[in-house]
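Q: Per TrEMBL, domain 'G-protein coupled receptors family 1 profile' is recorded for 26-284. The transmembrane segment annotation in TrEMBL covers 13-34, 46-69, 89-112, 133-155, 175-207, 228-247, 267-287.
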Amino acid sequence: MCQFLTCYWQIDLMLIETTIILPIYVFLLFDISICHFRKTHFQSQYYSLVISQAIADICTALCVIYLYVARYLHFGNNLLFNSQIYGSGIFISEFGPIFFIIRFFGIFLMTFQRYQTVCSKKSITYNINNLSFCKIFLIHFLVPFLIYIPCFSTIPGDLPFFNNSDELSVINSGFRIKFFSMTVIVVFIFFGTLDLFMYISIIYSIWKTKKVFNVSRKNKDFYQEIRLLIHILLLVCTSTLTFLYYLNEFLGSAINSNSDNRKDVRRYYAIIAVNFGYINPIILIFLNRDVKMRAKKFWVRSSTF
């Protein structure tokens, strides 16, 4: 039985969330970016990584939205289907795993920045924290792309394609699904292990030494560091859900990569992948002191008009 917009509550939930959260996320990204580049607020390179991560989140959300609107609302479906001769089928097949790697690598960079700030010597911290935004953005996107390059190596007859213009299901071979799922698994385990090591080191350094805090502002800075750690932890938790999806793809690719049951599971990818990004602005608004202050100022100014 059909529900609100489509016959699947997963897609309805994703579209409703997008309508509410995505405009807030875009506005938040715009405000942080202006303040960061004008050097009025958000000067830490942690916020450079937040901006870079937000760009990846929004790009992922827009790609997922376009695909699912075309697939389930049949708006732009013929355009997407006919453009597969220009590579739209390949793009739809590949953007999910590659953007997962980009965003998870972004979490690693955010953890690494906090690790260098809290646990390392000032000379090393100075060099890392003074990288320009362009360099950080380039590292954030280029390294995952280089990691994913082997997944693009395939024979022409093995290229993904859409089954028809109505369903727009991407038909992939079991080998391709297994290959890019394995790439995601390896990346998750490798960078996840590094994240765990740095996370434990940061917690140990905060609680044992507290050398990174100014004496007059020790309590304020202490709780700010705790909030930043919670931010990273929640991002890791949401990325773990996405990882479990790719783990399921890897384990099931040997059975039947395009069965009806597996297509049902893939509908949850819309919620998983998009919420991976939407959790970021929610955390920033509720946990980040600087972002919360900016939001309060904006709300006060808006209420005066």
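Even glycines carry a Cβ here, placed using N, Cα and C.
Just so you know, TrEMBL annotations are computer predictions that nobody has curated.
Tell me what's around each of these sites.
A: Within the model, the domain 'G-protein coupled receptors family 1 profile' (26-284) shows a mean pLDDT value of 81, rounded to a whole number.
Away from its own ends, the transmembrane segment (13-34) comes close to residues 4-6, 41-42, 47, 50-51, 54-55, 57-58, 61, 64-65, 68-69, 270-271, 274-275, 277-278, 280-282, 284-285, 291, 294, 298 of its chain (Cβ-Cβ under 8 Å, at least six residues beyond either end).
Through the fold, the transmembrane segment (46-69) approaches residues 11, 14-15, 18, 22, 25-26, 28-29, 32-33, 36, 75-76, 80, 92, 95, 99, 102-103, 106-107, 109-110, 113-114, 117, 131, 133, 136-137, 140-141, 168, 228, 269-270, 273-274, 276-278, 280-281, 284 of its own chain, all at least 6 residues removed from its boundaries and within a Cβ separation under 8 Å.
Counting same-chain residues at least six beyond the ends of the transmembrane segment (89-112), those with a Cβ under 8 angstroms from any Cβ of the stretch are 46, 49-50, 52-53, 56-57, 59-60, 63, 67, 80, 128, 136, 139-141, 143-145, 147-148, 151-152, 159-162, 170, 172, 176, 180-181, 183-184, 187-188, 191-192, 194-195, 198-199, 202, 232, 235-236, 239, 242-243, 246, 269, 273, 276-277.
Within the chain, the transmembrane segment (175-207) has long-range Cβ neighbours (under 8 A, six or more residues past its boundaries) at 93-94, 97, 100-101, 104-105, 107-108, 111-112, 114-115, 118-119, 144, 147-148, 150-151, 154, 158, 160, 222, 225-226, 229, 232-233, 236, 239, 243, 246-247, 249-250, 253-254, 257.
Within its own chain, the transmembrane segment (267-287) is flanked in space by residues 8, 10-11, 13-14, 17-18, 21-22, 24-25, 28, 50, 53-54, 56-58, 60-61, 64-65, 68, 96, 99-100, 103, 227, 230-231, 234-235, 238-239, 241-242, 245, 295, which lie at least six positions past its ends and keep a Cβ under 8 Å from the stretch.
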